[in-house]
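Noted in Swiss-Prot for the protein shown:
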COMPBIAS  73-102  compositional bias 'Polar residues'
COMPBIAS  761-787  compositional bias 'Low complexity'
CARBOHYD  47  N-linked glycosylation site
CARBOHYD  117  N-linked glycosylation site
CARBOHYD  308  N-linked glycosylation site
CARBOHYD  313  N-linked glycosylation site
CARBOHYD  532  N-linked glycosylation site
CARBOHYD  766  N-linked glycosylation site
REGION    73-111  region 'Disordered'
REGION    755-804  region 'Disordered'
SIGNAL    1-34  signal peptide
SITE      404  site 'Not glycosylated'
């Protein structure tokens, strides 16, 4: 019986095993039949049932009714950012990698190839387009309604295994018109359809020929879940009511010399069109090469040149008609999508209205001569202008300035100056012209207008009010020899492209000052001074020092372009005592004095020549006063001299530093004053040393010679007054020594630190306090009255706090108690 039961159990177990294997096979077969990604075969727009090895995407909602989503809805990441992270297929997959890392997920996180797994990817559309039946890409372009009857919307994307991309078309108001414009019934785009121009290429066909003019929106997105982020794409298509080829300008009115962009519109992708203008619109003196450059070879331009009815002369060619025998200047542009872009160089065009014409596809440049254009537009060319921004206003003889301005129609300009007669050329540069940059500006820097060659510069070397102007260099070549003329009449100047301003020429000016400390420079051997000032019109100034013994020292200092100069640490290098200091600048004539010096030269003497004369003076036996007179006689006091000079005096002295006063910060006072413990001690003094370059150290020592404080300063004004502050909180009372040390000199004083500083200032509020510290007020009645008032509370306080025992009341109670006790005992 037992054996029979065992056999029965074995049979049942075998049956269960066979049944489970068979059921698994059936389940596998069923899943294979619904293989994810076979959307084309199943005519499905999406499939959310997945199996091991499938790809899933961010944002998807996976089916948990069958497949891996039913058997293993919770997976674990195996590597990278996803390692150890759970992927729950029972809920929609998050849309971002921040919430769900990309990577491989399997049922146990092992990463084994035999373990059921999926790969999580980010859905994206990688490319999209709208094509015409001829293959022209019109995405984002404008086409005529007649050309919009057979269009294809295509895309490449990575999530076709999950769902198709669906096409939605919206009109300018945002209304969905997809069903109205579909060429078929399918709104779903197959992956890999890019470039397709047929109904079998996987794209979606649309017919926009019956739609009104306006901008239409074509939206691509997943058919089910994938309608966000990179899984979507939006394109535009503009339908034009104009059926023929058109032409537009980015600006219909420009200044001569300004580049203009034109756009051929409503074209068919790949078609070529001729754009042309009549050569009579060019300037009379335009050359053949310039005529060939009117149309720029940019953008969608494939050819430029000039033509007559029988031949063309293209850019780079040396054969064909010339500007005298050609009829048109032209460009050939190729339509890209629905439009083509080109450009025009207007500097060779006359200032007039120019008709720009476009021809149908297939019309050549030679055929365009004498043939009516399909469309045209008028470009207005206005005469160019020039402006001179600098120099204007005031000009100082000898100074350097920048010459700059604008010229909208010129390759180069020339600068002229006028007094009362003709305009005279300013000879700037080798060819007397200034080139105009591509942004229509011109500039020459650091030009000394009064120091150039020619009559124009001579005018500006004398004070007065004149006119300075700029003119197109081609208009300044009245003689026609290829170079600007030396002079122009007023009529010649104003008839050209020109403008002018007033300019006032003034003499040079000199200011300057020497920086000393309290009128001194120290020490004698190494003392230096700083100088600064203005010397308009000068390139440099000469600084001269003369001491009382007649010794001379000097240094040349350059002047900046703004007319200022600034030089630090000029060594005086003379003997102790009074020093006379000069700052000298040559005047408008650029010569020292009358141009001659005793040591040479006989004319045209410069600052450099003057230094040789100063060396001679330094070797003779004249005293300082005589040397100063000799310098003046050869410079500013010389006949007809226009030199300029600034003179100051100071003392060259040995360095010195002293302590002048010590006081508490709350009570400023002259001299050495006591300071109470806890107050801030202010130590003030004077020096003749330069700040920053020197430091004054202050050390405070007690009666034992121990240093208790050390401070320093390198900041003081030109009056030489310095100050430091020291906290005395940790000081004991007594006499302290304060020493100031500048590195070469010291000064020492003693100061008292007291427990309480005496205050001699009294008021009605502190009269009582004052009487306790002085002899006089102690005998007054005022002192006695408060004393009596104080005694009364003192007696009360004494009674309550100093009575021995328990007090009188307690003693009486004790006596009564003792009596009663004695009476009780007696009874």
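Backbone N, Cα and C define each Cβ position, glycine as well.
These figures come from a predicted structure and were not determined experimentally.
Overlay of Swiss-Prot annotations on the structure.
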residue: 47; record: N-linked glycosylation site; DSSP (3 states): coil
residue: 117; record: N-linked glycosylation site; DSSP (3 states): strand
residue: 308; record: N-linked glycosylation site; DSSP (3 states): coil
residue: 313; record: N-linked glycosylation site; DSSP (3 states): strand
residue: 404; record: site 'Not glycosylated'; DSSP (3 states): strand
residue: 532; record: N-linked glycosylation site; DSSP (3 states): strand
- In all the protein chains shown, the tally of other Cβ atoms within 10 Å of the Cβ of residue 532 (N-linked glycosylation site) is 16
- Around residue 117 (N-linked glycosylation site), which residues of its chain at least 6 apart sit with Cβ under 8 Å of its Cβ? 52, 53, 75, 78, 104, 105, 106, 107
- Have a look around residue 404 (site 'Not glycosylated') and count the other CB atoms within 10 A of its CB, chains all included. 17
- List the Cα distance (Å, whole number) between residue 532 (N-linked glycosylation site) and residue 404 (site 'Not glycosylated'). 30
- DSSP helix, strand and coil counts for the compositional bias 'Polar residues' (73-102)? 3 helix, 7 strand, 20 coil
- Give me the Cα-Cα distance between residue 47 (N-linked glycosylation site) and residue 308 (N-linked glycosylation site), rounded to a whole Å. 66
- Item | Candidate with sparsest Cβ neighbourhood (10 Å radius) among 47, 308, 313, the listed glycosylation sites | 308
- What is the interatomic distance between the Cα atoms of residue 308 (N-linked glycosylation site) and residue 404 (site 'Not glycosylated'), given in whole Å? 43
